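What follows is a short report on a single structure.
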Amino acid sequence: MPVHHERQAKSLCAVHAINSLLQGRVVTQATLDAICLELNPSTVLNPHRSMLGRGDYDVNVVQVALERNRCSARWVNNGKPMAPIIEAGMATAQFVGILVNVRRWRVPLWESRHWFAIVVDNDTIYNCDSMLAQPTPFASRPALFAFLQDAVANNDGHLFIVERIPPPDHH
């Protein structure tokens, strides 16, 4: 079965990243817009999305969307060695993928943020960035770590390990 991947539309990279992580069309722009309004009822200057109504959602919206799909996003502290933290996360049964948020320059002096997902399928690790034509496999785990280190160091990147939330224990 091929890895789910969506191409970039508007500034909906958060939609595409969440859907890549969850391997299906689980959320839409309407889903994330509704979460924005729950977090802050302002329809004009909502701090959780672009005022142009084209997406560009912040981490609060992404976290709520993941929680509603029984997942959590755990921030990887950029001040600590990344590889052991990610290796430990990938080794758990609850591991879903890695969510990456980087700075992107649209035009000079106009900075925005971009979300994308790293997913694992049959022991192959894929970059599911919606700016890519298709999911791109990493040659190795060291190649993944070098890529993520570059994202953090050179693009003001933030990494989140996404894990499934186990169902409640009803004893």
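Cβ from N, Cα, C; glycine included.
If you check TrEMBL, you get these features:
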- 1-171: domain 'Josephin' (DOMAIN)
- Cys13: active site (ACT_SITE)
- His114: active site (ACT_SITE)
- Asp129: active site (ACT_SITE)
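Annotated features, which come from TrEMBL, shown on the structure.
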residue : record      : DSSP class
Cys13   : active site : helix
His114  : active site : strand
Asp129  : active site : coil
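Counting only same-chain residues at least 6 apart in sequence, those with a Cβ under 8 Å from the Cβ of His114 (active site) are Cys13, Asn101, Val102, Arg103, Arg104, Met131. Here the active-site residues are Cys13, Asp129, and the one whose Cβ sees the fewest other Cβ atoms within 10 Å is Asp129. Averaged across the domain 'Josephin' (1-171), pLDDT in this predicted model comes to 89.
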